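K.L.:
The annotation L-aspartate binding site is assigned in Swiss-Prot to 175, 221, 458, 499 on the grounds of sequence analysis. The ATP binding site feature in Swiss-Prot is assigned to 221, 222, 223, 230, 492, 544, 545, 546, 547. Annotation source Swiss-Prot lists region 'Aspartate' at 199-202. If you look up Swiss-Prot, you'll see 33, 84 marked as site 'Important for tRNA non-discrimination'.
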């Protein structure tokens with residue numbers, strides 16, 4: 001391999017017995033057993049046991065002085081371990097290396113934690129990320145990330161895609177998430193924006209005749225962070241010309257099947273199911289449903305319109321209200337304390353409470369139900385609730401009644417919480433498999449009540465369905481987009497659409513978004529001009545590499561599959577970024593800081 005080492009530690013096996021090897025790595029652990037020193041030597045491939053006998057005094061003295069995380073080099077002979085001392089958990093577990101020479105390449109100060117400590121706080125891990133990355137799970141995660149990226153590249157290369165870089169310094173288009181702005185020193189008062197996606201550039205590449213483009217690139221969004229979000233993230237960005245929506249979906253579905261098979265030996269469905277956005281929201285309250293959870297909403301809005309219970313009848317008679325039931329088979333066993341905990345949980349999503357009915361005996365109707373709300377429901381409503389939900393003896397039905405968004409968010413989250421709970425798994429309400437699907441036919445626009453205007457649900461370059469073009473100027477709320485998301489186990493793995501490729505249609509969409517022609521020309525004139533030069537029909541899709549690897553690795557957060565991530569406050573604890581800069585740098589950029597106004601309290 002090199003003059004310093006002949007093999008990786010974790011790859012030394014019984015096939016090398018009797019051979020002399022040179023190994024380098026870090027001391028995982030050192031044990032002194034009555035005059036014989038054992039060293040667990042670690043590198044990226046794993047561990048090997050090194051034995052140091054005192055009959056080599058100089059080597060043995062060096063072994064006595066080493067400590068955890070010292071970087072060392074050893075030479076020695078591979079030999080079988082004594083019978084009964086084998087370690088079946090290690091690739092090298094049947095052998096050990098009898099050390100001849102030991103050189104300390106670099107000592108280490110005492111680490112702030114043991115690498116095998118599984119109870120570290122994320123703050124500690126991110127502050128000492130260099131050490132955290134030495135841990136076997138983190139080594140595995142980042143190597144898996146590399147493998148996934150390589151499989152993507154191999155697949156797309158075989159399909160004729162060309163890897164083309166697009167600019168990192170671009171024009172700010174304040175639609176959607178906030179841009180990260182970069183001041184221009186040579187153009188005072190002007191700013192670049194870091195890309196939220198290469199969207200417009202890849203469309204212009206289609207106009208330029210590069211009919212199959214991709215890149216694996218960084219994107220940036222200045223938004224509030226969650227477990228699956230980072231201010232900078234990596235996108236597998238793809239665009240094609242002259243393919244239909246179905247052909248685009250088929251192509252990238254096959255890519256994802258291939259990547260999962262080659263990267264982690266998982267066979268995804270031979271054909272992903274397809275679900276309309278409207279159906280996903282009706283059944284699961286989410287446009288990225290986790291199909292592993294075998295619980296669904298039951299629509300009860302119409303049933304509750306005339307009940308003498310304002311908690312239900314109010315939303316049922318409201319234009320933007322919704323009432324649903326969530327039947328949990330066997331849920332009658334859920335305790336009152338657990339119900340109270342669920343009530344508190346849905347409050348996180350804006351729900352004002354959580355009504356419930358335990359079904360003790362269906363045949364008895366009202367008399368077979370246990371709940372404080374039963375007295376507020378008339379017999380016809382009770383009969384219809386039991387019928388629609390398919391309630392059985394021993395079930396519980398939870399209810400959500402509020403604005404549709406609150407109901408979808410709160411009861412949707414409750415569905416997942418129950419399904420993923422120990423009760424849910426023991427009751428067969430959760431299936432531990434890979435469940436991909438396509439969600440299609442998204443609304444083109446959604447109404448922003450605060451700004452009193454329509455906004456693009458995905459982005460303003462998505463094409464409406466051909467038969468819905470007529471609604472752009474008359475009734476934007478009716479427009480359905482040629483948009484599609486690939487969802488896996490409740491995570492959006494990627495999303496895309498067929499794009500608008502005619503300048504006149506793009507202008508109509510801008511007008512529907514209350515972007516007048518003058519503003520559209522100022523912000524997107526270069527795109528509108530490009531579309532006039534015989535732009536081809538085109539569409540594409542972008543996958544979140546971080547999310548894909550997180551799913552494959554079974555990690556809790558995308559921060560576990562990124563080498564140097566930011567916290568949920570968008571800070572890098574290792575380098576202490578972001579940081580203050582000196583006055584000279586600010587003057588060169590023609591920037592003056594304004595003092596933060598103190599918050600006033602009433």
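Here the Cβ of each residue, glycine as well, is placed from N, Cα and C on the backbone.
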K.L.:
Sort the binding-site residues 223, 499, 545 by C-alpha distance from residue 84 (site 'Important for tRNA non-discrimination') and give me just the closest.
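P.N.:
For residue 84 (site 'Important for tRNA non-discrimination'), the closest Cα among 223, 499, 545 is found at 545.
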K.L.:
Please list the DSSP helix, strand and coil residue counts for the region 'Aspartate' (199-202).
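P.N.:
Helix, strand and coil residues of the region 'Aspartate' (199-202) number 4 helix, 0 strand, 0 coil.
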K.L.:
Please indicate, using numbers and ranges, the residues of the same chain that are 6 or more beyond the region 'Aspartate' (199-202) and have a C-beta under 8 Å from a C-beta there.
P.N.:
166-167, 170, 213, 237, 239, 459, 461, 524, 526-527, 540
K.L.:
May I ask which of the recorded positions 33, 458, 499 is closest to residue 223 (ATP binding site) if we compare their C-alpha atoms?
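P.N.:
The answer is 458.
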K.L.:
From the recorded positions 33, 492, 545, 547, pick the residue whose C-alpha lies nearest to the C-alpha of residue 499 (L-aspartate binding site).
P.N.:
492
K.L.:
Starting from the Cβ of residue 33 (site 'Important for tRNA non-discrimination'), draw a 10 Å sphere and report how many other Cβ atoms land inside it.
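P.N.:
Around residue 33 (site 'Important for tRNA non-discrimination'), other Cβ atoms within 10 Å: 8.
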K.L.:
At the level of the C-alpha atoms, what whole-angstrom distance separates residue 547 (ATP binding site) and residue 458 (L-aspartate binding site)?
P.N.:
19
K.L.:
For residue 458 (L-aspartate binding site), which residues in the same chain are close in space, meaning a Cβ under 8 Å from its Cβ, but six or more apart along the sequence?
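P.N.:
For residue 458 (L-aspartate binding site), the qualifying residues are 442, 481, 483, 495, 497.
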K.L.:
In the structure shown, which of the binding-site residues 221, 499 has the fewest other Cβ atoms within 10 Å?
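P.N.:
Comparing Cβ neighbours within 10 Å for the binding-site residues 221, 499, 221 has the fewest.
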K.L.:
Widest Cα span across the ATP binders 221, 222, 223, 230, 492, 544, 545, 546, 547, in Å?
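P.N.:
The span, Cα to Cα at its widest, is 20 Å.
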K.L.:
Can you tell me the CA-to-CA distance separating residue 492 (ATP binding site) and residue 221 (L-aspartate binding site), as a whole number of Å?
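P.N.:
Spelling it out, the Cα of residue 492 (ATP binding site) and the Cα of residue 221 (L-aspartate binding site) are 17 Å apart.
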K.L.:
Using Cβ atoms only, which residues of the same chain lie under 8 Å from residue 545 (ATP binding site) while being at least 6 residues apart in sequence?
P.N.:
145, 148, 149, 152, 216, 233, 234, 235, 236
K.L.:
To what whole number does the mean pLDDT across the region 'Aspartate' (199-202) round?
P.N.:
96
